[in-house]
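Q: Got a structure for you, written out below as C-alpha cells; questions coming shortly.
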Amino acid sequence: MTATPTASLPPLANDRFLRACLRLPTDVTPVWLMRQAGRYLSEYRDTRAKAGSFMGLATNPQYATEVTLQPLDRYPLDAAILFSDILTVPDAMGLGLSFAQGEGPRFAHPLRDEADVAKLQVPDMEKLRYVFDAVASIRRALAPAGAPGRVPLIGFSGSPWTLACYMVEGAGSDDYRLVKTLLYRRPDLMHRILEVNADAVAAYLNAQIEAGAQAVMIFDSWGGVLADGAFQRFSLAYTERVLRQLKKEQGGYRVPQIVFTKGGGLWLEAIADSGCDVVGLDWTMNLGAARARVGDRVALQGNLDPNVLFADPEQIRAEVARTLDSYGAPSAGSGHVFNLGHGISQHTPPDSVSVLVDAVHSYSRQQRGAAG
C-alpha cells in the first residue's frame, strides 16, 4: 500500500493507531492487545456471568459494548477492538455454533462431504445484525454527545482458511487431520469452501466498516499449519480475495487493513504484498529482521510473547524495550503498532498490562527523543 493516504483520518482524540497503520508519524508507538477484552479482567467475568453464556455475551450489543470498553477504562490503550468471535460467520451459514463449558467452540453440522459443501453459501448479513449493531453502539460509546472518538475501533474476522478449519473439523484440532484430508483428497471441495468463505468474510467486514469500524483485521490463526505451497494456494490466495473486495475508505476516511498469520514468518514477504496495510507478527519473529525483509511497504504489528506478562515488572519493561529496539527507531514512511504475538492469556495479572502499556508509551517516547 502507498504511504500517502487517499483520504484523511477521522476526528479522534487519539489517532496514533491509525497513523501507525498508515505509516504516518506518531508521538509514541501505539499499543493494543489481542483479546484485550477478556477473562483476565474481573469486570469481564462479571458481565459474562450476567449474560449467562459466551454467545449470550457476544450476541447482545449492550454487553458487547460494555466488555469492549472495559480494558479502555483500565488502561491507556490506543485502540478498541470489537468484542465478538471469529466463528459468527459459519454460524450464520447454519453450522450450529455452540460453546461447551471447558471445551471451546463446536459446530453441530460440520462440512464432511460433497453434499454439505454444495449447500454452503454466503449468509444473509442480516443474520449478523447483532455484530453490526454492536459496532455502532461501541462507536457511540467512544464518542458521546458528538465529541471526537476516544480511540479508533477495530473490526475483525477469521480468514477463509481458518474458518474452513473449524467448519470441517467441527471444533478445534491438534492434528488438522479432517481438514487436511479434504484438502489433499478433494481440493476442489476445499476451494469451493474457501471461495464462499472469502466472499462471506468480505461482505462481513464491509458491513462492519459501514457500521463504524475504523480498521479491520483478518485473523489467519491456523495459516501456519499449512505446508509451503499449500499456504499460498489455500490460505493466502483467499485472504487476497477478501482484501480485493474490502472498502478502502468510508465516509472519506481511510480504513486500514491488518492481516495476522500465526506461524506465517516463512511467507512474510508474500503476506506483505497481499494488499494489506499492516502485517501482524507472532512472537517467534524478530521485528528488526521482519522490517528488513519487507522494508517500509507495510506497517508491522506485534510481537511480544504473551507469557512475558507473567514476569515481574522489571522484566516486562526490559522485554518491551527489547521489542521496540528490535523494530528500531521510527523513520519517515515506517509504522509499528505494539501488540502481543498472540492473544492475552486469561491467567494474566491485570497489573502486568498496566506495566506493559506504560512501558511501551514511555520507552517509545524516549526513542523518538533520542532520534530527534
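Glycine is treated like the rest: Cβ placed from N, Cα and C.
Here's the feature list from Swiss-Prot:
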type	residues	note
BINDING	Arg35, Gln36, Ala37, Gly38, Arg39, Asp85, Tyr166, Ser221, His342	substrate binding site
SITE	Asp85	site 'Transition state stabilizer'
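Walk me through the surroundings of each of these features.
A: DSSP assigns Asp85 (site 'Transition state stabilizer') to coil in the three-state reduction, outside any helix or strand.
Annotation for Asp85 (site 'Transition state stabilizer'): same-chain Cβ neighbours under 8 Å, separated by at least 6 residues, are Phe54, Ala58, Pro105.
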Q: Tell me, how many other CB atoms lie within 10 A of the CB of Ala37 (substrate binding site), whichever protein chain they belong to?
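A: So the Cβ neighbour count for Ala37 (substrate binding site) comes to 24.
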Q: Any idea what DSSP makes of Arg39 (substrate binding site), helix, strand or coil?
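A: Coil, per DSSP.
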Q: Could you state, as a whole number of Å, the largest distance between Cα atoms of any two of Arg35, Gln36, Ala37, Gly38, Arg39, Asp85, Tyr166, Ser221, His342, the listed substrate binders?
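A: With Arg35, Gln36, Ala37, Gly38, Arg39, Asp85, Tyr166, Ser221, His342 as the binding residues for substrate, the largest Cα distance is 23 Å.
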Q: Would you please pick out, from the binding-site residues Arg35, Arg39, His342, the one with the fewest other Cβ atoms within 10 Å of its Cβ?
A: Arg39
Q: What are the non-local neighbours of Tyr166 (substrate binding site), defined as same-chain residues 6+ apart in sequence with CB under 8 A from its CB?
A: Leu87, Pro90, Pro105, Phe107, Gly158, Gly172
Q: Which of the three DSSP states, helix, strand or coil, fits Tyr166 (substrate binding site)?
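A: Looking at the DSSP assignment, Tyr166 (substrate binding site) belongs to a helix.
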